[in-house]
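Residues annotated as domain 'Cytochrome b561' in TrEMBL: 1-176. According to TrEMBL, the feature transmembrane segment maps to 6-26, 46-64, 84-102, 123-144, 150-175.
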Amino acid sequence: AGLFSWHPLLMALAFSLLLTEALLVFSPEASPLRALSRKAKVRAHWALQLLALLCALLGLGLVAYNKHLHGKGHFRTWHGRTGLLAVLYAGGQSLGGLLLLYPKLARSWPPGKLRLYHATAGLVGYLLGCASLVLGMCSLWFTAAVSGAAWYLAVLCPLLTSLVVMNQVSNAYLYRKRSQH
């Protein structure tokens, strides 16, 4: 196991826990931080996103190094390709979030439109990360370690959190913005 065992732990921490919390921090129903000011929620979102990205990058780096040590190919499976794309997407999305933290960088974009695009793109990235988690749960390594009802329960976790996050983003940004036009 060695280095490899850190990969699923760090990726689950990044995409299942930290990223989920980072997206739900703005939810009036789901966040333990709902009493905080908008500014404090933005800071919490930023900190959770940064931690998630760092965990994901470390998890990606460790699995790539482990494959290198064992002479195995990189990104040959749907899980590997989807995971790489999810981590790269998360990095790009984090850079896009800087435009909201520092609006002077995005001179020609109205902040409301930028928030809508950031939230929508964030949802796509989150779903990509959850898809990679589910694909990882279909791997030989995971199915050898987890089987039966526990496997189904593990797969349900990212699927159910995806539904919760999609509902949150849709209610907060998409439906509200559509009804205002």
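All positions are counted from 1 along the displayed chain.
Even glycines carry a Cβ here, placed using N, Cα and C.
Nobody curates TrEMBL annotations by hand; they come from automatic prediction.
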Listed stretch, out of 6-26, 84-102, 123-144, 150-175, that has the most CB pairs under 8 angstroms to the transmembrane segment (46-64): 6-26
Cβ-Cβ under 8 Å with the transmembrane segment (84-102): same-chain residues at least 6 beyond its ends: 14-15, 19, 42, 46, 49-50, 52-53, 56-57, 60, 75, 109, 111, 114-115, 117-118, 121-122, 124-125, 128-129, 131-132
Surrounding residues of the transmembrane segment (6-26) on its own chain - C-beta under 8 Å, 6+ positions past either end: 33, 41, 44-45, 48-49, 51-53, 55-56, 58-60, 62-63, 66, 83, 86, 90, 122-123, 126, 129-130, 132-133, 136, 142, 157-158, 161, 164-165, 168-169, 172
Segment-level pLDDT (mean, integer) for the domain 'Cytochrome b561' (1-176): 91
